[in-house]
Amino acid sequence: MGAAALRALPWALLLLGPLLPGQVLQANPMLTSEGQPAPLPSGNVPGFTPAPPAAPEEIHPLKEHPANGSGEGHAKPRKAFPVIGIDYTHVRIPFEISLWILLACLMKLGFHVIPSVSSIVPESCLLIVVGLLVGGLIKGVGEKPPILKSDIFFLFLLPPIILDAGYFLPLRQFTENLGTILIFAVVGTLWNAFFLGGLMYAVCQLGGPGLNHISLLANLLFGSIISAVDPVAVLAVFEEIHINELLHILVFGESLLNDAVTVVLYHLFEEFANFEQVTIIDIILGFLSFFVVSLGGVLVGVIYGVIAAFTSRFTSHIRVIEPLFVFLYSYMAYLSAELFHLSGIMALIASGVVMRPYVEANISHKSHTTIKYFLKMWSSVSETLIFIFLGVSTVAGHHYWNWTFVISTLLFCLIARVLGVLVLTWFINKFRIVKLTPKDQFIIAYGGLRGAIAFSLGYLLDYKHFGMRDMFLTAIITVIFFTVFVQGMTIRPLVDLLAVKKKQETKRSINEEIHTQFLDHLLTGIEDICGHYGHHHWKDKLNRFNKKYVKKCLIAGERSKEPQLIAFYHKMEMKQAIELVESGGIGKIPSAVSTVSIQNINPKTLPLERVLPALSKDKEEEIRKILRNNLQKTRQRLRSYNRHTLVADPYEEAWNQMLLRRQKARQLEQKMNNYLTVPAHKLDSPTMSRARIGSDPLAYEPKEDSENLPIITIDPASPQSPESVDLMSEEPQGGCSGLPPSPEEDEEGLVMRVKEEPSSPGTDDVFTPGPSDSPSNQRMLRCLSDPGPRPEPEEGEPFIPKGQ
């Protein structure tokens, strides 16, 4: 039994060797306690080779050694205590990363300090030039410049830019133009990839012996890499020229959503290149993978966005970690999508769009400011590093220049972009209310910039399956430089030359918000009446579901029930209070400012009650109720309009008869007036009469016997005419001669006035005649008002009779 245990001891030590200390040197299970080699057991153990005996200088972990580290009889010379030392290898990686970030920030600072350069050259162009210079200097001193690796780009540099774009995405413009964006992103990218790949395959077949070996799948893979519009390059250029919101969201939205198409085509052609034969089933599965990649990425982003919103509901006591949840959940969404080869860009956009309205309702204003500025800073640094490393990688990489392949790639990229935009816009304008003009089409086609995504995808190609990788990278870098330098530098003067509408930097107001919501509800009601399930109908359904279920679960407190207009008012109020505090005008805060702004400025000093001297609490609740009932609730869905199923209105015929009778009565009264009355000559005003008499008094000399004639100064047929009213109101003041009328003239003249009684509101002047509107009275008035035909004035007779 003891011999068997001794024979099993070496095997136990061999198995436990990795767990024992001292394995840094060498595990030797055949040593005795004194460190000497033990004799082998009877017979050699198969598969086991004994280790050589330990050297005298080896250190055994169980033996005691001198404290100064000197061996037996071999003492090392004692050195002085190192006051200062250099260990660059210990800090090399973080030190170099910090230097690159510092260089990027200094370049960005210098770019904005010199305004003459920034007005001519885009920032992306200048950063690429800086990268070329730095790469040339590193290569000139004999070192190897660093290359922008694909893992670093896709895992660390690209996510901040996409998260910043997705979190602050203008959701209204994006959703209103979603159909146009999807057509450009999906159909346009597919067109560019297959058009470019097919033409490049034809060029390779006709280009000579150096290009004949490139297969069709390799050309299609190259076309899928180079055809996608780059979001980093688009953001860098379009934010500097301040293009209008429509063109910006069309081009930028296309660059974001075409990631799914690019990922699917890249992996599809990369897998097909390994197959001996591609079947129809493989093509069908590749087509289905597009929906899996795109919709799967969106689903992953929505899940993480909902989790982030739900987590922010419980962070009211720990405000410090609120921004961290936004960053971590978004980055986890991107990594989870990349884990399953889904679209990470779609996941980041979906998570940012979903979480933002709920997270901002739960977090404090300081956390919101932290998220905003940290995302802007992170994305700006990443963008700067991408363009600098793009220039450095151009110098450091291996290139293979082929004039035919490179020039053909550049030419066909431009042709495919222009043709795709023209054809798709012609189709899109058939369904758009706001048409895309030729200027818009030119900017969309000219703004299709390529960037670092295409370079990183090309860098991922394997030499084993794609021996022409260096030539592909050379062509990709050429296209990137052409689009960024030539198109990026000339797009600003072209926008000014074509007078393209630019973005208006204006702040939204309560008035604009009210009218925007009013128009949304009005269009929703019109769609309900017409029975058309359009954009506003589904938007209203989604808003109802959000208010009824989602807000109650993801928003804490009473803000889940707060109407959108009131929430927007609180947001504006908060901005105004913060601006007043920052400008030092805290004493000028109006008394009507609510406590929401004060709470966010200083959460520790909460006011006990709302101070609203100008508006009572009941009045405020009444106003909120009116806004909530009239702006937030559209009427329920009714049946579709159909003239055959309308219910007849019982009062419609009576109203028609009443209108006809009123119209006939008015026509009859007009005919009687024309028959019984003779239209009098249009008289001048007293001012004009005095002016004419003053200019020629002899021509208007009254006759001697004209004073004895009675004068009728009334027109009862039309008492509301301005001439008769003015005449009656001015006659008692005197005639045209300016002398007061004598009592004899007042007695001799026949003056008749009609007493006007104001009709009560709501009565009909035709069907409810007054006491003075009887037929006999009207007939008497018409007879008295008919003086008969007047004789023509003789020569020398005054133009205006005396006393008139």
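Cβ coordinates are placed from backbone N, Cα and C, and glycine is handled just like the others.
Caution: TrEMBL annotation is automatic and unverified by curators.
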101-120, 121-140 - the range that TrEMBL marks as transmembrane segment: 121-140
Contact yes or no, the transmembrane segment (152-169) and the transmembrane segment (472-495), 3+ Cβ pairs under 8 Å, gap 6+: no
Could you tell me what the rest of the chain brings near the transmembrane segment (281-310), counting residues at least six beyond its ends with Cβ under 8 Å? 260-261, 263-264, 267-268, 272, 275, 325-326, 329-330, 332-333, 336-337, 340-355, 358-359, 362, 553-554
Near the transmembrane segment (214-237), which same-chain residues lie under 8 Å Cβ to Cβ, leaving out any that are not at least 6 residues past its ends? 122-124, 158, 161-162, 165, 189, 192-198, 200-201, 204, 251-252, 254-256, 258-259, 261-262, 265-266, 269-270, 272-273, 345, 383, 386-387, 409, 413, 416, 447-454, 457-458, 461, 466, 468, 472, 475-476, 479-480, 483-484, 488, 491
Between the stretches 249-269, 340-359, 380-401, 407-429, 472-495, which one has more Cβ pairs under 8 Å with the transmembrane segment (441-460) than any other? 472-495
Taking 121-140, 249-269, 407-429, 472-495 as candidates, which has the most Cβ pairs under 8 Å with the transmembrane segment (340-359)? 249-269
The coiled coil (617-644): mean pLDDT? 61
Examine the transmembrane segment (407-429) against the transmembrane segment (472-495) and state whether at least 3 Cβ pairs sit under 8 A, considering only residue pairs 6 or more apart. yes
